[in-house]
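Visitor: The structure's right below; bear with me while I get my questions together.
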Amino acid sequence: MENRTLELPVIPLRNTVILPHATSPVDVGRPRSKAAVERASEGDRHVFLVTQKAPEVDEPAPEDLYDTGVLAAVKQVMRLPDGTLQVVVETKARARLLAYREERGYVAAAGELLEDPPTYDEALVRVLMRELKEAFERYVEAHKGLRLDRYKVEAVLGMVDPVRLPDVAAGYATWNVEDKMAVLETVGVENRLKKVLELLLRDLERFALDSKIAARVKEQMDANQREYYLREQMKAIQKELGGEDAAGEMLELRERIEASGMPDEVKEKALKELTRLERMQPGSPEATVARTYLDWLLDVPWTETSGDAIDIQLTRQVLDEDHYGLDEVKERILEFLAVRQLAEDDESYKGPILCLVGPPGVGKTSLGRSVARSMNRKFVRISLGGVRDEAEIRGHRRTYIGALPGKIIQAMKTAGVVNPVFLLDEIDKMASDWRGDPASAMLEVLDPEQNKTFTDHYLDVPYDLSRVFFITTANSLSTIPGPLRDRMEIIEIPGYTALEKEQIAKGFLWPRQLEAGQMKGRLAIEDAAIRRVIHEYTREAGVRELERQLAKLVRRAAKRYIENPWEGERRVAEADLPDYLGVPKYRPDKREDAPQVGAAQGLAWTPVGGALLTVEALAVPGKGNLKLTGNLGDVMKESAQAALSYLRSTASRWGLPEGFHTQWDLHVHVPEGATPKDGPSAGITIAVAIASALTGRPARMDWAMTGEVTLRGKVLAIGGLKEKLLAAHQSGIRQVILPAENEPQLAEVPEEVLCDLEVKLVEQVEEVLETVLLPAPEPTPPTDKPSLRPEA
Ligand code: ADP
């Protein structure tokens, strides 16, 4: 191989490679390039064309240029008005540039021509040429952006020179600088044919892939278009049939279903229903039913959430902000939440449900609300009081006329999120009278194993309740069915003392009512007046009635203010209360507590708090019958029997004649109010009433008592001690008799209540009788004219 060396002016090219054997226009604008062209025109018109590695460099140094370039002849130069030269070059041969030299105004380079070896494998070259031409033809055909004139293609296909063929073919290809440089740098006929063939085949593969993708995209587009077209048509038809809105409505429904985030299974069902609806006569009853159903599916939340994680600090703060006292209750709630938080990520954790138990108005609902607020979650509540039918929880099947979802789903719709705090009020009231088993439906709602797929009969698709934070409330534990109770973490709230109520009223209820009544700054209340409201206008364990009375007071004041505005703040004093609230309903000091024959003052527990109860007994000549009336359960009957048996066995001690029980009929009456469940604790009270009736000895009514009695006169412990003492205190009782066995629980009773009470702890009924029964006015035991109390 013979290499010739030449020295020629250099024209650097940007973004382009011109291969040998081509005639090509080149715009020359840079001063050094222009000078190079001029220099060439003066000589033998030859130049080196070399491509820049980085097109943005204006005055490229040698290292900015590729090593390989081409030898070209300047065929024609035309000066354009802007000074640029349009040059036509004819490229001849490859050249390796070896050294550069700065001349006057231009750059010259010394280079040697790269010539192909003169001999080659003719058979191989023939095959390569054929394949290259074939590939080139397919390339031109498949290449969307390349619009090559047919004659040029024919020219390539007709070429016989294996040296020129690859260069010319590559010259037409739309390759980048790297690809074309690769061709330029390839020396040797076979090598170059292979290189260009390889590049062509590479592109053909790409085109095939592209068109496959394109075909798929097109297919999809066609399908969409078809659907769109059909839908438009249907819209038009529906418009004809049922007026404008129907069509738009269907379209809107479809969009809402797509956007709702329903699980696939539900979405499928919704779309099916929609298709049915589209075929129905708009406005027909069946269309209304289908439409209502779809609205329900769309209105319950499927993905929306509210709120943050549990933050114990924040919850404590919120609970304190909203509630006075209740320290132990708040502590228990926080503990419960802490455990829940720790178990947050534990899928297998089956936490219990919080259940707040206590009389009305002690803040159960509002504690639930605070928990929601502290977590920034939506809050909903439903009352289960009086729910007898499973359908109220789960809804009715759609086949019923006017069917609707049950309370659970209705509340979820109200919540609008999948994770609200959900308060189930009065869960004890539901179970007490059940039909169709609402309790087992509730069990499913509250069971983490099952509530992921809660089914409402109306919705008829599984609905996930597992992210709901359920809290339940109840007045009494005893009426919650066992399986439900087992799932719950019970927190008891017993009721407030008068002092606590006063603090709650001052700190919470009164300011809230002032705000609600727009009377802030115009009305104030004296502490003594609040106390009087508590004592004389309400009698309750909680503060609900207290809140109502304060609300009433503010409303009355507001009305007066409107009629007759005043300056500054008007103060409500104790003596003003009748003016606002009417005559007091309760007068503790006026309580009837003169001693009475045939009566006794008992203390009872009820679901709405503690209460006083007066047991009455009447003895009339007869044959020893025992008659019981009023709110008496079997347990109370047993108490009465036990009391009677005790009196018989100790008859002489109480001055009762031998065999008195066969000569007298006894009638024991317990007024409404105390629940039968509480029966045993009235034992000693019944004993006192009977003893008093039989002996004629008056019983002191300023002592209130509670305690179970055995046949042999032993006094046993009772429950609900705190509630009972709160009630006694509130009613103005100052002396109580309690079973000695209950002494430890006295520690739970607020100090302010205990210090007002004289407590007598007893072990035997005789201690009770001795304390309460006064000597008979006439020393004779019951005669044929015993002391009677009228029947209530
Ligand atoms: P429940 O649900 O136990 O029947 P609520 O939560 O409805 O009782 O309470 C009745 C009213 O008394 C509500 O306005 C509540 O905010 C208020 N309340 C109850 N306890 C407290 C308390 N400890 N501090 C402040 N407000 C209280």
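Every residue, even glycine, has its Cβ placed from backbone N, Cα and C.
TrEMBL lists these features:
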- 8-204: domain 'Lon N-terminal' (DOMAIN)
- Gly358, Pro359, Pro360, Gly361, Val362, Gly363, Lys364, Thr365: ATP binding site (BINDING)
- 594-775: domain 'Lon proteolytic' (DOMAIN)
- Ser681: active site (ACT_SITE)
- Lys724: active site (ACT_SITE)
Visitor: Using Cα coordinates, what distance in whole Å links Gly358 (ATP binding site) and Lys724 (active site)?
Guide: 13
Visitor: Given the recorded positions Val362, Gly363, Lys364, Lys724, return the subset with CB under 6 A from an atom of ligand 1, ordered by sequence, or none if empty.
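Guide: By the Cβ criterion, which requires under 6 Å to ligand 1, the hits are Val362, Gly363, Lys364.
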Visitor: Between Ser681 (active site) and Pro360 (ATP binding site), what C-alpha distance do you get in Å?
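Guide: Cα-Cα distance, Ser681 (active site) to Pro360 (ATP binding site): 22 Å.
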Visitor: Show, in sequence order, which residues other than Gly358, Pro359, Pro360, Gly361, Val362, Gly363, Lys364, Thr365 on the same chain lie with their Cβ within 8 Å of the centre of the Cβ atoms of the ATP site.
Guide: Leu356, Thr473, Ile493, Ala541, Gly542, Arg544
Visitor: Fewest other C-beta atoms within 10 angstroms of its own C-beta: which of the binding-site residues Gly358, Pro359, Pro360, Gly361, Gly363 fits that?
Guide: Pro360
Visitor: Of Thr365, Ser681, which of the recorded positions has the most Cβ neighbours inside 10 Å?
Guide: Ser681
Visitor: Please report the number of other Cβ atoms within 10 Å of the Cβ of Val362 (ATP binding site).
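Guide: Val362 (ATP binding site): 28 neighbouring Cβ atoms within 10 Å.
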Visitor: Average pLDDT across the domain 'Lon N-terminal' (8-204)?
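Guide: Within the domain 'Lon N-terminal' (8-204), the model's average pLDDT equals 92.
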Visitor: Sort out for me which one of Lys364, Lys724 has the most neighbouring CB atoms within 10 A, since those are the recorded positions we care about.
Guide: Lys724
Visitor: In angstrom units, rounded to an integer, how far apart are the Cα atoms of Gly361 (ATP binding site) and Lys724 (active site)?
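Guide: Gly361 (ATP binding site) and Lys724 (active site) have their Cα atoms 17 Å apart.
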Visitor: Taking only the Cα atoms, work out how far Pro360 (ATP binding site) lies from Lys724 (active site), in Å, as a whole number.
Guide: 15
Visitor: Helix, strand or coil by DSSP: which one applies to Ser681 (active site)?
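Guide: DSSP assigns Ser681 (active site) to helix.
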Visitor: Using DSSP with the three-state reduction, classify Lys364 (ATP binding site) as helix, strand or coil.
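Guide: Its secondary structure by DSSP: helix.
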Visitor: By the DSSP assignment reduced to helix, strand and coil, which category contains Gly358 (ATP binding site)?
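Guide: Note: Gly358 (ATP binding site) is coil by DSSP, not helix or strand.
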Visitor: Among the binding-site residues listed here (Pro359, Val362, Lys364, Thr365), which has the Cα closest to the Cα of Lys724 (active site)?
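Guide: Going through Pro359, Val362, Lys364, Thr365 one by one, the closest to Lys724 (active site) is Pro359.
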